[in-house]
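Remarks on the structure that follows.
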């Protein structure tokens, strides 16, 4: 009787919080729309904004009033929020999406391996048709009812250094559109949908596996930037998804203490995929050294850990050397030449002026960090955004990290995770300094906030409290924060392009 009374009381608070959250969400969305709306095509902007608010409200109601397993709700949330994003976003409006789209279409025609010296790549006319309307809302193009044009042609940029497995979901979407003889726009939409579906499955699996830290995994996966990237042709869907899954599986193993050979092999496979997806995230594999493995003797444990880590480093290093052999694509060549970017000369400068460069580089890392984080609230080709999202996201992130139960990291493990996080940021900046920055420059060019999502999630493991009272009442507030941020991104995008 007492338990039932407590449950009813808690359920009452959940419903009250949900109602307050929904009303607050509506008010905030009205303010965003009113402050950003344009007099032209105001009807389209109103319709899209209303649809966004209704669907996000339904997702909030689904969590608050209907009993559903959290990982299943996470999947539903990511898919519906992502579908809104992929339909609202204009044609090929995400950084390098044109190149990623061309690569996926190229794979769909059986061209899986890219030649290191190739400067032009086989494609079809429909790829050029879509690229012609890049950054343009579908309703403002003449793509409606236009069929897929299979006339052979070539393109100059297909993100050659990325491995083909990063484009498998998008390729499936393109093949589906071709098999069903859909209009050309469905090449884009089906590709985006399959990429999003893959991301949703990976994240939901991570949330299901992790015994703790579930909500932090969801929060990072549902950041507006995470949703935007997942609902596009960007390989960030798999890059971020793999990072989330690896960290979720690590939490499961760390909490378990005794680890079977099968479980360890699964974790190592994930660790191998991490640097193959994005080499700068290789520091995440350092989590391998933190696994307890109390069911093995110390010598055997150390041998397995360091041996596995060596394999991952060799694979990652080999892949990095492989990517350095590729020719600079023609689209980027003009920029690199105009900005005097030269990796060889940059390296010579670093080696000849190590002390001077080192001080300037460290200062640059510190000064640009806040600006890089701020770019998490810039969308499309980073040419528009809503800065308050960054503030809301920071507050929300701190809240979820320090209300969850700690995973029980030891002091040395905390220190090592801090080094891993610093390593991801430093390595990312160094890679861009060598490949994208003017020789001798005191600034780092090309750094984007989306590159830091795996790092932020990794560092979140340092948070948590000993005794956490997990209740739905708190989570309703947290989900409202996520819904508000996503709503802001979608409405601002709709107003800008429609």
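Every residue, even glycine, has its Cβ placed from backbone N, Cα and C.
Feature annotations, courtesy of TrEMBL:
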- 16-34: transmembrane segment (TRANSMEM)
- 46-66: transmembrane segment (TRANSMEM)
- 73-92: transmembrane segment (TRANSMEM)
- 184-203: transmembrane segment (TRANSMEM)
- 237-254: transmembrane segment (TRANSMEM)
- 266-291: transmembrane segment (TRANSMEM)
- 303-322: transmembrane segment (TRANSMEM)
- 384-402: transmembrane segment (TRANSMEM)
- 414-436: transmembrane segment (TRANSMEM)
- 448-465: transmembrane segment (TRANSMEM)
- 477-497: transmembrane segment (TRANSMEM)
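Among residues of the same chain six or more beyond the transmembrane segment (266-291), those with a C-beta under 8 A of the stretch's C-beta atoms are 163, 165-166, 235, 238-239, 242-243, 245-247, 249-250, 253-254, 259, 305-306, 308-309, 311-313, 315-316, 319-320, 323, 409, 413, 416-417, 419-421, 423-424, 427-428, 431, 451, 454, 458. Beyond its flanks by at least six residues, the transmembrane segment (303-322) meets 163, 264, 268, 271-272, 274-276, 279, 282, 285-286, 288-289, 291, 293, 296 of its own chain at Cβ-Cβ distances under 8 Å. Note: the stretches the transmembrane segment (384-402) and the transmembrane segment (477-497) are in contact (3+ CB pairs below 8 A, sequence gap of 6 or more). With pairs at least 6 apart in sequence, the transmembrane segment (16-34) and the transmembrane segment (73-92) have fewer than 3 Cβ pairs within the 8 Å limit; the two do not touch. Between the transmembrane segment (16-34) and the listed ranges 46-66, 184-203, 237-254, 414-436, 477-497, the one holding the most Cβ pairs under 8 Å is 477-497. Same-chain neighbours of the transmembrane segment (184-203): 74-75, 78-79, 82-83, 86-87, 91-92, 101, 104-105, 126, 129-130, 138, 143-144, 146-149, 168-174, 176-178, 217-218, 221, 230-234, 237-238, 240-242, 244-245, counting only residues six or more beyond its ends whose CB sits under 8 Å from a CB of the stretch.
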